[in-house]
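Beneath this line is the structure, given in structure tokens, with notes to follow.
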Amino acid sequence: MAAPIDMTRRLVRALVLLLAVIVAGVTAAQFTLLVSLPLTGEMKLSATGAREVLEASVDDVNAWAGANGGHKFSLDIRDSAGGMAPAVKNVFDAGAGNSTVGVIGDFGSAQTEAMALAANSFKLWMCSGAATSPDLSNKDDYPFFYRTIPPDSYQGPFLARFIHLMEWKSVALLFASDSYGTGIMTTFTQAADEFKIQVATSQSFTPGDTRGYSVAIDAIKSSGTRIVLYIGVPDDFIAIAREARKAGIIADRDWVWVGAEGLSSLPAVVNDPSKKYTDEDRDNLNGVMYAFPQERGAQYKAFFDTYKNKFSGRQDTTPYSIFFRDCFFSMARGIVKMIGSTNVGTVSGRSYASGVSIKDFLVSFEGTSGQLTYDKDGDREADYTIVNLYQGKATPVFSLPAKDNNSLTSLAPATYYSGRTDKPTDRPSYMIAYVTYLSAGGIVVMGLVGLVILVILATVGYLVVQRAHPAVKSMSLPFLIQIALGLVLILGDVFLWMDIPTPLTCNLQVWVFIVGFELFLTAVAAKTWRTWKIFDNKSLAKLHNLTDTRLFLATMAIVLVQAIVLVLWTLLAPMKPVLVATTSSISYKCESANKVALGTLFQTISIVYNAIILLVVSFLAYKTRKVYSTFRESKFIAYTAENIFLCGVVVTPFLYLATDNFALAAWWIRVFTVIYAVSFAYACLVGRIALVPYMASKAETSGGIKMSFEKGSSNDGTSSAEQMPGKPQTMSGKYPVKVANKLFATWHTHRLTLFALEGFLGMTRLTNNTEQGTIFKLRSIQFDPSPAQYPLCLELRADSTAYLVQFNREEDKNTWIKALSVHCLVYSRSSGNKSTGGPGASTAAPGTGGGTRQLQGGPSFAISAAHYGATSTIGLNSAIGGGVGGGAGPAAGGGSKALQMMDPAQKHR
């Protein structure tokens, strides 16, 4: 019984084994994959390397497939010759058969896109290890396509990150006009904006057409940057490099050329014997860098040993070839996985259900190029390296992770064309024709401008503290503050002229300068207008309209008109920074981009508007130049207006003329002209006024007024008034005299002579010079018998000048006061603008008209000769032309003359 039982067992085992063989025969299958590569043409070297790697990978793929279902894969390798038509024909030929289930290829993005569209019709799965066009990421158009190389949508941002981490702020783009070049250019430009990288110029070229190279090279040379990003293939680059060498922008230590991964086969191409490239062509590659995805993972060394055994003499694999090996493996994995979810017949017959997708092929695994991971569009995610070419050797020098914006790992020193390893800058310092904040020139300018601003602000603070001082009060402190504020804004605008401008700083430059200039100019105009109105006024009842408040509102109205122009300018033609690059310099200017004509119109309107105000100020200052004002304010306003006009003549042409070739010189001229003009205006209109209370306080501290006597005078010292022998109407004496309304004036001995009969007053300086002195008409003179802060002095006014005369004794002073009171107008500011004759004084010497008159809108003002006992009849016929109040002598003519001689800055109060 044992024998039949054993026999039965053997039969069962045989049946089981036979069934297993039959099942295995049914599930295991032989699959063919089409490989379409440009085995001839420009990419033949890289394509040949990829073919060799694929052939060396067949055993490894079949070993894996045999262990996972007993399947086998074979390759149908065909030449696309780098053309679109042959590549598409290869797909159609493969799709017509029944054994081909997938396609591997091609190199060029344009050919691959056409192949992928054709593969859709045959439901052929397709993978590329070289095509990087972002268009292939669109799964609506390419549902059967994926790739093992990152797309240009990754490469463009990577290149932008690399340039950013190299601290290069600008770059010139040179890209091929095909889908590969435009794809990377688009994604790079978008990322460059995020990293604040300026694309100085963007030049395209037609692949293979050398006629357009020189135009692009000239544009790059004039772009102002020394970093060039090339996006194209090696053969075009070699031809372009020849033109670049002639132009001096390659084979130069200052220039850096960076390429996309399309340059990865450059060393092999330039050394191809069939191309007959020269040593100069090879020399042009020194220092060139290009980006390439990480292609060598942990499994690479083991595979390379297999590869060398199959293809002896090979020193390395060609670029992209490992990505095609990973395509082969991932395709096999995807097919086997799809068989598991369907069956062999479905896969072999490509009879997939409508819901089938590429997801079975997007499985992460450890490939020869590293860990393969994909995004939702079937695009490979991988790290990048930067490869440096020097003396024919390609060396990885930097690595950058796919998802880390701030990490740039140095793998080896990068060697640039000069053989040096120190990193060139994108803009050499000798080319920068603008001043930066951290440059030596910028620090000097900021320090100088800041110092002047601090001086102005300190002066304003001092004036506020001394606001009760008569000199400060007479100069209208509110307008002094407005003038100072305008000057500070003008100076502060210089800070906005520095470094690389932005749209904000460009528009602020216009607003700050013009508003500051308006505040300054309108305040000066208000002061000059008030002086002129008082000088030329025929109706004293109107003087109340010249108060500080009314004049300030008038200045704001003028500023408002300019503000409206600025608002329209900003809204309709906003200013933007524009790079001005030449072959030797780089600078920036602000202009109304795309609306230059409209911006020029607003600029001209503003210049003309302010020029009109300046002309009005100049005219009024000229008309009132001889009117007395404290410290000759009208004259200094005229000086300031003339100086501003001259500075405007210097600066204005730079607003309209091209300054590309001397931008830095033009900038310095503008800056120092503004600093000079502001300093001059400050000294004339604000600083002088602050010196008055300061010098007065110093005089008080030092013990009073100091007199000086010139060496060489005929008779140094002073003498009392005395009648000239035989001429009782003539009186003379020697006294210290100085100009009262002139800062830093000193005392000098003068002989003062009163010619009462002739109607003159002589003032002769005691020197050895030929010119001896000045003669004044008595009727044109006013005098203050008790000037503030000057004891034993009287003040004489003639036109716009005031003189202080110092006496030794009160009796001598009174003698002169009595004599002058008969012939001259008496005024006094020493008691808060009160009449020297006291309230209600009405008596007067014969012929003077006597009495007092209160001026409407002005200070209390009185004439009183009798107050000083002036009863002499000497010189009655030379009495002034009318008293301020009627009843005058023969020359009486009303009180307008008295009004003219008043201090205009005081009269409105």
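Cβ atoms are placed via backbone N, Cα and C, with glycine included.
Within the same chain, residues 472, 477, 480-481, 484, 487-488, 491-492, 494-495, 498-499, 668, 671, 675, 678-679, 682, 686-687, 689-690, 694 sit at least 6 positions outside the transmembrane segment (437-465) and bring their C-beta atoms closer than 8 Å to a C-beta of that stretch. Annotation comment: TrEMBL describes 437-465 (among others) as transmembrane segment.
The domain 'G-protein coupled receptors family 3 profile' annotation in TrEMBL covers 441-679.
Note on the transmembrane segment (477-498): residues 434-437, 442, 445-446, 449, 452-453, 456-457, 459-460, 463-464, 467, 505, 508-509, 512-513, 515-524, 526-527, 548, 551-552, 555, 667, 670-671, 674-675, 678, 681-682, 685-686, 689 of its chain, located 6 or more positions outside it, place their CB under 8 angstroms from a CB of the stretch. For 477-498 (among others), the entry in TrEMBL reads transmembrane segment.
A Cβ distance under 8 Å defines the sequence-distant neighbours of the transmembrane segment (510-530), meaning residues of its chain 6+ beyond its ends; these are 475-476, 479-480, 482-483, 485-490, 492-493, 496, 546, 551-552, 554-556, 558-559, 562-563, 566, 569-570, 575, 590, 606, 610, 613-614, 616-617, 620-621, 624, 633-634, 637, 640-641, 681, 685, 904-905, 908. TrEMBL lists 510-530 (among others) with the feature transmembrane segment.
Residues or ranges marked as transmembrane segment by TrEMBL: 551-572 (among others).
TrEMBL lists 601-624 (among others) with the feature transmembrane segment. When Cβ-Cβ distances below 8 Å are used as the criterion, the transmembrane segment (601-624) is approached by residues 514, 517-518, 521-522, 524-525, 528-529, 531-532, 535-536, 558, 561-562, 565-566, 568-569, 572-573, 592, 634-635, 637-638, 641-642, 644-645, 648, 652, 655, 904 of the same chain, each at least six residues removed from its ends.
Residues annotated as transmembrane segment in TrEMBL: 636-658 (among others). Only residues 6 or more beyond the boundaries of the transmembrane segment (636-658), in the same chain, are considered here, and those with a CB under 8 A from a CB of the stretch are 524, 527-528, 600, 603, 607, 611, 614, 617-618, 621-622, 625, 666, 669-670, 673-674, 676-677, 680-681, 684-685, 688.
Non-local neighbours of the transmembrane segment (664-685) in the same chain are 433-435, 441, 445, 448-449, 452, 455-456, 459, 480, 483-484, 487, 490-491, 493-494, 497, 520, 524, 585, 587, 636-637, 639-640, 643-644, 647, 650-651, 654; each lies 6+ residues outside the stretch with a CB under 8 Å from one of its CB atoms. Sequence annotations record features per position, and here TrEMBL assigns transmembrane segment to 664-685 (among others).
Per TrEMBL, region 'Disordered' is recorded for 709-732 (among others).
Under the heading compositional bias 'Polar residues', TrEMBL lists 711-722.
Summarising the annotation, TrEMBL assigns region 'Disordered' to 830-856 (among others).
Look at TrEMBL and you will find 886-896 tagged as compositional bias 'Gly residues'.
The feature region 'Disordered' is assigned by TrEMBL to 886-909 (among others).
Counting same-chain residues at least six beyond the ends of the transmembrane segment (551-572), those with a Cβ under 8 angstroms from any Cβ of the stretch are 478-479, 482, 507, 510-511, 514-515, 518-519, 522-523, 525-526, 529-530, 592, 595, 598-599, 602-603, 605-606, 609-610, 613. On the 0 to 100 pLDDT scale, the model's mean across the domain 'G-protein coupled receptors family 3 profile' (441-679) is 85.
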